[in-house]
Structures are given as structure tokens and as C-alpha cells.
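Listed in Swiss-Prot:
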BINDING   Ser11, Ile12, Gly111, Arg169, Gln303  NAD(+) binding site
BINDING   Ser140, Cys141, Asn142, His195, Gly196  D-glyceraldehyde 3-phosphate binding site
ACT_SITE  Cys141  active site, nucleophile
Amino acid sequence: MVNVLINGYGSIGKRVADAVAKQDDMKVIGVTKTKPDFEARMAVEKGYKLFAAIPERKHLFEEAGIPVEGTLDDIIEDADIVVDGAPKKIGKANLENVYKKHGVKAIIQGGEKAGDAQDSFNSLWSYNRCYGKDYIRLVSCNTTGLCRSMYAINSVADILKARIVLIRRAADPNDVKTGPVNAIVPNPVSVPSHHGPDVVSVIPELDGKIMTSAVIVPTTLMHMHSIMVETSGTNRDEIIDALAKTPRILTLKASEGFDSTAKIIEYARDLGRSRYDLNEIAVWEESVNVVDNEVYMMQAIHQESDVIPENVDCIRAMLEMESDNLKSIEKTNKAMGLIK
């Protein structure tokens with residue numbers, strides 16, 4: 001049983017905490033918050049030991065009547081690994097100023113740059129490369145989703161060229177500061193977007209073979225990808241079969257009512273998923289087509305949750321708990337109640 005510390009109990013951190021708590025080979029020894037908000041109070045109510053991420057703010061929790069066990073410095077030495085859930089750029093600072101200082105292994109999230117850690121993690125592609133490493137970046141929700149679909153395609157044909165248009169959600173549901181509300185925004189306006197190089201950080205063999213562009217649209221539910229991949233040769237049946245065999249990919253039919261991201265989220269609600277999380281990505285079966293060996297398909301990504309099981313697998317890889325990535329994936333999925 002390994003000890004996991006969650007530094008930053010926010011959108012990602014609280015989900016990773018719940019996922020780790022469901023595993024039988026790891027436990028959450030504590031979570032941190034920078035301020036005494038409702039998430040901090042709920043963490044304590046759920047049974048997590050709460051620590052102040054910033055020592056100077058410990059008194060704020062006490063004044064708010066939220067029990068704290070101490071500060072980050074009081075618990076970090078007990079951790080075998082830290083999962084950093086801090087906002088963009090803060091993760092890198094934590095890595096340099098906290099985790100390396102204390103000599104503790106750490107996972108930073110996809111908001112940081114590839115060069116900030118020893119490698120970039122995806123359960124299907126880079127598990128072995130990250131095995132036993134000390135500092136790893138868990139790639140973003142979009143990159144995670146693309147890595148899964150590229151894995152499926154690559155399992156039946158060589159990828160010659162990949163072109164992806166990303167239609168990104170404007171903000172998470174709890175975000176009142178980000179937009180747009182009434183616009184479509186090229187983000188970035190230049191091509192390629194950062195997503196292609198980010199995929200290459202996980203799949204080096206796609207260097208020079210992947211091109212991405214991205215726009216932001218006024219929705220909060222999910223991202224969507226329109227994928228076009230030139231291959232060495234395949235057909236629709238092979239791709240459908242490959243998607244069915246690839247972990248954490250669901251193939252859904254518009255003919256059964258899955259005609260929008262709203263319906264996919266409703267499906268997650270009906271499954272009883274906490275926070276309506278869909279850790280699996282969803283590919284519309286009707287969108288899958290192959291013309292002259294070029295694969296076309298559309299997929300939806302729940303931006304708050306598809307990276308969560310990857311964090312659990314990354315813990316196992318870095319702490320050398322399981323050498324077989326597929327066994328770790330299966331173990332994680334079963335504990336979290338994933339469909340596949």
C-alpha cells in the first residue's frame with residue numbers, strides 16, 4: 001500500500017483523490033487547499049486529512065472552522081508520491097521548489113510544458129518509459145483522448161498523417177471567469193495548435209505526421225475532435241473493432257440518441273457517475289469512415305475526467321507497482337467502475 005498526497009484539491013485533485021481511494025494498493029494520506037472554501041470543507045467531510053498548501057494561510061482554515069491537520073510541509077515526507085493538482089504554471093514551481101527539495105516523486109498535470117518533467121505519460125503509449133521515473137507530466141485531457149484514438153488506429157495500420165480539428169469547450173461548468181459566451185474563437189489562431197506537439201511528446205513516432213488546429217466554442221460540457229488520419233491501409237470494420245478493443249474508448253450511436261455532447265453527459269448522469277464524469281472518451285460510430293485508406297471519425301472528451309484513471313496508472317508506473325500497463329489499466333478501471 002503506497003501513500004499518495006494530493007497537492008491541490010480542485011477540479012483534477014478531488015477526482016484523483018476519489019480514484020486513488022478506490023484502489024486496493026494505494027491510499028490518500030492527505031489533500032491540500034490554498035483557501036478555506038466549500039471544497040476544503042467537503043474534503044474533510046469525506047474523510048480526507050486536510051493540510052494547508054501555504055503555511056501562512058493555515059490560520060484561515062482554523063478561523064473558518066475547517067479542521068486542518070497541519071501544512072504541506074508536515075505531510076509531504078510521509079508521501080511516496082505527490083499528485084499535483086495546482087493551476088497552470090504552479091505545478092512547475094511546485095516541482096522545482098517543493099517536490100525536488102523534499103526528494104519525493106511527483107506527477108504534474110497537462111497545463112505544464114513537456115520539458116518541465118522527465119517524460120509525458122499516457123497509459124497506452126508511455127507507461128514503460130515512465131516506469132520508475134521521479135517526475136512525470138500527465139498530459140492534458142485533449143492529448144489523452146487523441147492518444148487513445150491514435151492507439152486504436154495504430155493497432156490495425158501505420159499512421160502516415162494525422163489531421164485533427166479540436167472544438168474546445170469554453171470553460172468548465174464551475175468557471176464564471178472564462179469565455180466566450182457568444183463567439184467562436186480560434187485558439188490559437190496559428191496552426192498548428194499546441195496539441196499536435198503535445199501528442200508527439202507521448203508518441204515520438206508521430207513527429208512530423210500530426211497537424212492540429214483548435215477553436216473554442218460557448219459550451220461547458222465536453223471537447224470534440226474531428227479526426228482525419230491517412231494510414232497504410234485499413235477499412236471501417238477494422239477501425240470499429242480496434243476502437244472496441246481499446247481501453248477507455250466507448251463507441252456510441254447517434255441512432256440510439258447520442259446525437260450531441262449533451263446526450264453523452266446525460267448518459268454519464270444516468271450511469272450514476274460522480275460529478276457526471278465520463279473517464280472514457282466517446283466516439284460516434286456513424287462518424288467512423290474510411291476512404292482511400294484515410295480514417296475519419298469524431299470523438300467527445302469530458303475535459304474534467306478522462307485523465308483521472310491515467311493518474312492512477314502513472315502512480316503505479318512511477319512506483320514500479322505493476323510492470324504491465326494493460327494489467328494496471330484493467331485494475332484501475334475495475335476499481336473505478338469504468339465500462340472498459
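A Cβ is built for glycine as well, from the same backbone N, Cα and C atoms used for every other residue.
Structural mapping of features recorded in Swiss-Prot.
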| residue | record | Cβ neighbours (10 Å) |
| --- | --- | --- |
| Ser11 | NAD(+) binding site | 19 |
| Ile12 | NAD(+) binding site | 25 |
| Gly111 | NAD(+) binding site | 17 |
| Ser140 | D-glyceraldehyde 3-phosphate binding site | 22 |
| Cys141 | D-glyceraldehyde 3-phosphate binding site | 24 |
| Asn142 | D-glyceraldehyde 3-phosphate binding site | 25 |
| Arg169 | NAD(+) binding site | 23 |
| His195 | D-glyceraldehyde 3-phosphate binding site | 23 |
| Gly196 | D-glyceraldehyde 3-phosphate binding site | 24 |
| Gln303 | NAD(+) binding site | 21 |
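Here the binding residues for D-glyceraldehyde 3-phosphate are Ser140, Cys141, Asn142, His195, Gly196. Their largest Cα to Cα distance works out to 13 Å.
When secondary structure is read from DSSP and collapsed to three states, Arg169 (NAD(+) binding site) falls in the strand class. Taking the centroid of the Cβ atoms of Ser140, Cys141, Asn142, His195, Gly196 as the D-glyceraldehyde 3-phosphate site, the other same-chain residues with Cβ within 8 Å of it are Gly110, Val139, Thr143, Thr144, Gly145, Leu146, Leu166, Ser193, His194, Asp198, Val199, Thr212.
Separating the Cα atoms of Cys141 (D-glyceraldehyde 3-phosphate binding site) and Gln303 (NAD(+) binding site) is a whole-number distance of 5 Å. When the alpha carbons of His195 (D-glyceraldehyde 3-phosphate binding site) and Gly111 (NAD(+) binding site) are compared, the span between them is 12 angstrom. Excluding Ser11, Ile12, Gly111, Arg169, Gln303 themselves, the residues of that chain whose CB lies within 8 A of the CB mean position for the NAD(+) site are, in sequence, Ser140, Cys141, Asp172, Glu304.
Of the candidate binding-site residues, Ser11, Ile12, Gln303, the one lying closest to Ser140 (D-glyceraldehyde 3-phosphate binding site) when CA atoms are compared is Gln303. The secondary structure of Cys141 (D-glyceraldehyde 3-phosphate binding site), as reduced to three states from DSSP, is helical. Among the residues the record lists as binding NAD(+), namely Ser11, Ile12, Gly111, Arg169, Gln303, the two farthest apart have Cα atoms separated by 17 Å. Here the C-alpha separation of Gln303 (NAD(+) binding site) and Gly196 (D-glyceraldehyde 3-phosphate binding site) works out to 17 Å. If you measure from the Cα atom of Ser11 (NAD(+) binding site) to that of Gly196 (D-glyceraldehyde 3-phosphate binding site), you get 24 Å.
If you measure from the Cα atom of Gly196 (D-glyceraldehyde 3-phosphate binding site) to that of Arg169 (NAD(+) binding site), you get 18 Å.
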